[in-house]
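Working notes for the structure below.
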Amino acid sequence: MGNAEYDDDEYPSSMRGENRKKHQVEIPPPQPFLKSLKNTVKETLFPDDPLRQFKNQPPLKKLKLGVQYVFPIFEWAPRYTFDFFKSDLISGITIASLAIPQGISYAKLANLPPILGLYSSFVPALVYAVMGSSRDLAVGTVAVASLLIGSMLGEEVNPTDNPTLYLHLALTATFFAGLFEAALGIFRLGFIVDFLSHSTIVGFMGGAATVVILQQLKGILGLDHFTQSTDIISVLRSVFTQTHEWRWQSAVLGFCFLFYLLAARFFSQKRPKFFWVSAMAPLLSVILATILVYFTHAENHGVQVIGELKKGLNPLSITDLSFGAPYLSIAIKTGIVTGVISLAEGIAVGRSFAMYKNYNIDGNKEMIAFGMMNIVGSCTSCYLTTGPFSRSAVNFNAGCKTAVSNIVMALAVMVTLLVLTPLFHYTPLVVLSSIIVSAMLGLIDYNAAIHLWHVDKFDFLVCMSAYFGVVFASVEVGLVIAVALSLLRVLLYVARPRTLVLGNIPDSNIYRNVEQYPNTDTVGGVLILDLGAPIYFTNASYLRERISRWIDDEEDKLKSSGETLQYVILDMGGKLTSHSFMILKFDHQTLW
């Protein structure tokens, strides 16, 4: 190959070193293919080197470390203290008070029997406590995944006409979601979820929250018949073509409890020490509404109630999983879509709270934990679960120390299933709709959208496209738009990187964009360009044309002063392993 020589005499005078001499650098020998492939796979799939802890360890120690890696509870349990338990006990009871009404509400949103919402807050929470690595995540069902299950499965099977088949498909979709999540974690493919950018998630979640809120008009207005579509046009048409069926009793009750829930949240936000006021508000609403309906017999005056809830723990449902040909594809599709969304939400929430407490969570281990709790959950009458933000925030604010708070919550739900389910017979559906609306209003993050507008207009476009795709088309269309735009963003970054002209900030060795810093100094006859991405075959042609254009522009500027362009410096610092420059002596014939 030869050697590369650099001569200080060839540099501009302002860039010469103190000692003028030639520096000779040997071109490194080519790496063997297998070694290069091994390094590439290791850096891509194992950046954290999870097997490092097993090196030079005796077999018994390796076995112990392996068990602790798969089941993190065995790592922190020996250090568990009574003080930790007191904090986790309070946190667990607090999130249980939120999990019970939310579980029932979200199950109705997915067009599933309400009892499944309670089942889904029992078994999955125990699985996560054993396998999860987050101390603050509180496991349970979420509104967006529930809406996705209801809308995607509802297109194939009517939950009213064929509730048994619909239930079996929901359990099967949960099984495939768990299988997909666990596979991503086992094969270290968690980076796939990172393609859902922040702007994508903000827009998608905001749109899904808007759709969920509109869907709750059915419960608040006491309507018996409602559209299966989720777009805003179909929902509003369904609402306003049935004005003669609106029930004012239900509407008054719904808006009163919605006002109470929002007031409780506002109070807790202003006074964080009273976080429990907002956390207890949904359960207190359910209790008050149930008592009110029971004593006023409101169920006879247009207020719909839950009815009988089956008492007892989760029945086994492994035989209910439906792998038959007619509906297998929709179950797999629903499982993958809901699995990706629940992973993105759960891991983002876990990482957020981990940063607050200055500890790390392993994204791939979290995926395995989510996958296993959904696989086990699908076999025990549970539908899709993850780590919802609202419940995790309450867990965090209540002072949880470990995942034992999930165990406490699961035990509280177990007591409810064994003893208290008959008490929910007179719980009005309208209060469940109010709870959902209250929770969904917190997912519409308009401040984040405004921030995106000020920071990056393209990210704002991605956010709004995802939002309007969900609201005006469907949740699936919105998700496809969001993912497609995120991938387009990545491709544009690689294929059309930004190139900037750099100048020297006076009295410093710092070089910055001349457009952002007009007071920078430039070196006569020298053009310094910053490349915004590594050079690939996808952008080589573009960069060649763009650099040629910068050169032409610079030559036009220099003509007026009688100077000529002598050097083009390409700054590739941050794109390579060390701060690197490529200095080219300018010549139109030999530059390329």
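Note: Cβ is positioned from N, Cα and C throughout, glycine not excepted.
Quick caveat, the model's predicted, so the values are computed rather than measured.
Here TrEMBL flags 1-11 as compositional bias 'Acidic residues'.
Positions annotated as region 'Disordered' by TrEMBL: 1-29.
Taken from TrEMBL, the feature transmembrane segment covers 89-106 (among others).
According to TrEMBL, the transmembrane segment annotation covers 112-130 (among others).
Sequence-remote contacts of a segment are chain residues at least 6 beyond its ends whose Cβ falls under 8 Å from one of its Cβ atoms, and for the transmembrane segment (137-154) they are 95, 99, 102-103, 106-107, 109-112, 117, 120-121, 124-125, 128, 166, 169-170, 173, 205, 208-209, 211-212, 215, 228, 230, 330, 333-334, 337-338, 341-342, 345-346, 349-350, 353, 373, 383-388, 391-392, 394-395, 400, 403, 405-406, 409, 436, 439-440, 443, 474-476. What TrEMBL lists as transmembrane segment is 137-154 (among others).
What TrEMBL lists as transmembrane segment is 166-187 (among others). Packing against the transmembrane segment (166-187) from elsewhere in the chain are residues 45, 110-113, 116, 149, 152-154, 156-159, 193, 317, 320-323, 327-328, 330-332, 334-336, 338-340, 342-343, 363-379, 381-384: each is 6 or more residues past its ends and has a CB under 8 Å from a CB in it.
Among the features that TrEMBL reports, transmembrane segment is placed at 199-217 (among others). Sequence-distant contacts of the transmembrane segment (199-217), counting only residues of its own chain at least 6 positions beyond either end whose CB sits under 8 Å from a CB of the stretch, comprise 109, 143-144, 147-148, 223, 226, 230-232, 235-236, 239, 341, 344-345, 348, 433-434, 436-437, 440-441, 443-446, 448-449, 452, 456, 459-460, 462-471, 475, 478-479, 482-483, 485-486.
Sequence-remote contacts of a segment are chain residues at least 6 beyond its ends whose Cβ falls under 8 Å from one of its Cβ atoms, and for the transmembrane segment (246-267) they are 219-223, 274, 277-278, 281-282, 285, 288-289, 292, 298, 301-304, 428, 430-431, 433-435, 437-438, 441-442. Summarising the annotation, TrEMBL assigns transmembrane segment to 246-267 (among others).
Taken from TrEMBL, the feature transmembrane segment applies to 274-295 (among others). When Cβ-Cβ distances below 8 Å are used as the criterion, the transmembrane segment (274-295) is approached by residues 94-95, 97-98, 100-102, 253, 257, 260-261, 264-265, 267-268, 303, 305, 394, 397-398, 423-424, 426-428, 430-432, 434-435, 438 of the same chain, each at least six residues removed from its ends.
According to TrEMBL, the feature transmembrane segment maps to 325-347 (among others).
Here TrEMBL flags 367-386 (among others) as transmembrane segment. Remote same-chain partners of the transmembrane segment (367-386), defined as residues 6 or more beyond its termini with a Cβ less than 8 Å from a stretch Cβ, comprise 70, 107, 110, 112, 116, 119-125, 127-128, 131-133, 139-142, 145-146, 149, 170-175, 177-186, 190, 314-318, 321, 338-339, 342-343, 345-347.
Per TrEMBL, transmembrane segment is recorded for 406-424 (among others).
Per TrEMBL, the feature transmembrane segment maps to 431-454 (among others).
Within the same chain, residues 144, 147-148, 151-152, 195-197, 199-204, 206-208, 210-211, 229-233, 337, 341 sit at least 6 positions outside the transmembrane segment (466-488) and bring their C-beta atoms closer than 8 Å to a C-beta of that stretch. The transmembrane segment annotation in TrEMBL covers 466-488 (among others).
Per DSSP, the secondary structure of the domain 'STAS' (516-574) breaks down as 20 helix, 12 strand, 27 coil. The domain 'STAS' annotation in TrEMBL covers 516-574.
Tertiary proximity for the transmembrane segment (325-347) is limited to same-chain residues at least six positions away from its ends with a CB under 8 Å from its CB atoms, namely 137, 142, 144-145, 148-149, 152-153, 155-157, 165, 169, 172-181, 184, 190, 193, 196, 201, 204-205, 361, 363, 366-367, 370, 374, 384-389, 476, 479. Among the listed stretches 112-130, 406-424, 431-454, the one sharing the most Cβ pairs under 8 Å with the transmembrane segment (89-106) is 406-424. When Cβ-Cβ distances below 8 Å are used as the criterion, the transmembrane segment (431-454) is approached by residues 101-102, 104-106, 108-109, 143-144, 198-199, 202-203, 205-206, 208-210, 212-213, 216, 218-220, 253-255, 257-258, 261-262, 265, 282, 285-286, 289, 306, 389-390, 460, 463-464 of the same chain, each at least six residues removed from its ends.
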